[in-house]
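**Q** Okay, so TrEMBL annotates it like this:
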BINDING   5, 6, 37, 38, 69, 70, 179, 180  substrate binding site
ACT_SITE  68  active site, proton donor/acceptor
ACT_SITE  178  active site, proton donor/acceptor
Ligand code: DGL
């Protein structure tokens, strides 16, 4: 099974998938060389999602988890029509947040691309009648996690600037609308204490994947030992190795991979 993100954020989803489906062989691709997607144009995101999806299918992936809210928002409909395997995307947990919030004020932290997408706007419209959503683009946060920075003073200051207005407006719930942000869980708690309940959808995604595998008869047979995921990165992979060791307790090699696509070919020839 393939799990893909613009970078390291999808590891938070991979962790939930491994817990729910320990016997599934997993291949993780981080497109870290081209992260953050949140600062890219829509065509670039579709192009990369399609190329990485095809690369994973060619390596035998039987399903694909697009463990990136930004890629899901911009490209899942397009890619789903063109790949022959089941696709599972992620979206900000607006629905569970609306159900949880007592003050009826909810903060949403996500990339600018996710927040301006039609898919997200439609989701918000469904729940905005009796709940106020304060949507904040998390500029700089993906880059911090990609550097394995989850607690520097600069990061804390950036994060405080995003969270304080939500707290001042009475928010009691925070949606982590980007799979990189669960790595900032501790930093968020140290700023907001228990004033914000955090909504992260990785466990729900793992459950949805489980349902899809059962629906298509694709579940792996139980094996004596759980297989270790294979990790690939389009960058050097060092941060990914560090986060996989800290977050998943897996100390493993991250293989560098080049996955060409229409848009990156032109970028590379511009750089040459
Ligand atoms: N993890 C991605 C997401 O869930 C980050 C996108 C980016 O690279 O900006 O949106």
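Backbone N, Cα and C define each Cβ position, glycine as well.
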**Q** Using DSSP with the three-state reduction, classify residue 5 (substrate binding site) as helix, strand or coil.
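**A** In three-state terms, residue 5 (substrate binding site) counts as strand.
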**Q** Around residue 178 (active site, proton donor/acceptor), which residues of its chain at least 6 apart sit with Cβ under 8 Å of its Cβ?
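**A** Long-range Cβ contacts: 9, 38, 68, 69, 70, 109, 110, 111, 114, 138, 141, 142.
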**Q** I need the neighbours of the substrate site defined by 5, 6, 37, 38, 69, 70, 179, 180. Which other residues of that chain put their C-beta within 8 angstroms of the C-beta centroid, in sequence order?
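**A** Neighbours within 8 Å of the Cβ centroid, excluding 5, 6, 37, 38, 69, 70, 179, 180: 7, 9, 10, 35, 36, 68, 71, 111, 114, 142, 178.
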**Q** Among all chains shown, work out which of the binding-site residues 5, 70 has the most CB atoms within 10 A of its CB.
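**A** Selected residue: 70.
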**Q** Does anything in the same chain, at least 6 positions from residue 37 (substrate binding site), have a Cβ under 8 Å from its Cβ, and if so what?
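**A** Set apart from residue 37 (substrate binding site) by at least 6 residues yet with Cβ under 8 Å, we have 6, 31, 44, 45, 48, 68, 70, 71, 74, 111, 113.
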**Q** With every protein chain in view, what's the tally of Cβ atoms within 10 Å of the Cβ of residue 6 (substrate binding site), excluding that atom itself?
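**A** I get 32 for this one.
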**Q** Can you see whether DSSP assigns residue 37 (substrate binding site) to helix, strand or coil?
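**A** For residue 37 (substrate binding site) - judged by DSSP and reduced to three states - the answer is helix.
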**Q** Taking 38, 69, 179 as the binding-site residues to compare, which has the smallest set of other Cβ atoms within 10 Å?
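**A** Selected from the binding-site residues 38, 69, 179 on minimum Cβ neighbours within 10 Å: 38.
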**Q** Around the Cβ of residue 180 (substrate binding site), how many other Cβ atoms lie within 10 Å? Please give the count over every shown protein chain.
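**A** Its Cβ has 30 other Cβ atoms within 10 Å.
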